[in-house]
Amino acid sequence: MTVTRLHSPLDRLLDEAQRALETTLGNPSAQRPYPAATTPEIALDPAERRHAAGLMRINHVGEVCAQALYSGQAAVARDPATRAHLLHAAQEETDHLAWCARRLRELDSRPSLLNPLWYSGSYAIGVLAGLRGDGWNLGFVVETERQVEAHLDEHLDILPPADLRSRDVLQVMKADEARHADQAEDAGARTLPFPIPGVMQFASQVMKTVAYRL
Ligand SMILES: [Fe+2]
Ligand SMILES: [Fe+2]
């Protein structure tokens, strides 16, 4: 006899809580190899090391926020295909999360202490976006990925030149984010209207300023 188990709201809530804890406090493992595995580690002076760690902490927070945003959107998505797209997108960011965490350890640093706060804020934004409908959901994915891609570009410019390992991680992430945006566009994303992209940019600027230090 086959028993089909329906997910109750409580199951869903527990799934969400588990994902939040794994993302913010756990140690997620990557499915793909570490992009800097064979890249030489060149000694950085203490100031360069601190700067590189600050940038990688921002990138780690960016991935926490992307996961939270997509999970929040998926929780209220109406179309199962959109929901699957969002959960898959969140899953793919796990590699990025694990790689940034590893690079932070290599730089003798740590992820942001405020990750639970970044996660809950982004999750709430994801739920609000998701309630607007599925075309909007995908529009948020496109805007998030394009903004992350742009800030990765900026970080590639300002990383200490000798930090080849962080650079290799960011290059692969940047190519992935561009692909994520293209996939969401192909799946029917709507262009987000004024002032939403600007508000998202402002929120991410606040996050970057704080996460560089904390
Ligand atoms: Fe990512
Ligand atoms: Fe992405």
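Every residue gets a Cβ built from N, Cα and C, even glycine.
Here is what TrEMBL says about this protein:
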| type | residues | note |
| --- | --- | --- |
| BINDING | GLU63, GLU93, HIS96, GLU177 | Fe cation 1 binding site |
| BINDING | GLU93, GLU145, GLU177, HIS180 | Fe cation 2 binding site |
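Positions of the features from TrEMBL, shown on the structure.
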residue: GLU63; record: Fe cation 1 binding site; DSSP class: helix
residue: GLU93; record: Fe cation 1 binding site; DSSP class: helix
residue: GLU145; record: Fe cation 2 binding site; DSSP class: helix
residue: GLU177; record: Fe cation 1 binding site; DSSP class: helix
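Within 10 Å of the C-beta atom of GLU93 (Fe cation 1 binding site) sit 26 other C-beta atoms, taking all shown protein chains into account. When the alpha carbons of GLU177 (Fe cation 1 binding site) and GLU145 (Fe cation 2 binding site) are compared, the span between them is 5 angstrom.
Among the binding-site residues GLU63, HIS96, GLU145, GLU177, the residues whose Cβ sits under 6 Å from any atom of ligand 2 are GLU145, GLU177. Counting only same-chain residues at least 6 apart in sequence, those with a Cβ under 8 Å from the Cβ of HIS96 (Fe cation 1 binding site) are ASN59, GLU63, ALA66, MET173, ASP176. Other residues of the same chain near the Fe cation 1 site, with their Cβ within 8 Å of the Cβ centroid of GLU63, GLU93, HIS96, GLU177, are GLY62, ALA66, GLN67, GLU92, ASP95, LEU97, VAL148, MET173, ASP176. The number of other CB atoms found within 10 A of the CB of GLU177 (Fe cation 1 binding site), across every protein chain shown, is 24. Between the CA atoms of GLU93 (Fe cation 1 binding site) and GLU145 (Fe cation 2 binding site) there is a gap of 11 Å, rounded to the nearest whole number. Listed in chain order, the residues near the Fe cation 2 site other than GLU93, GLU145, GLU177, HIS180 are ALA66, ALA89, GLU92, HIS96, VAL141, THR144, VAL148, GLU149, ASP176, ALA178, ARG179, ALA181, each with its Cβ within 8 Å of the site Cβ centroid. Every protein chain shown contributes to the tally, and the Cβ of GLU145 (Fe cation 2 binding site) ends up with 23 other Cβ atoms within 10 Å. All protein chains considered, the CB of HIS180 (Fe cation 2 binding site) has 23 other CB atoms within 10 Å.
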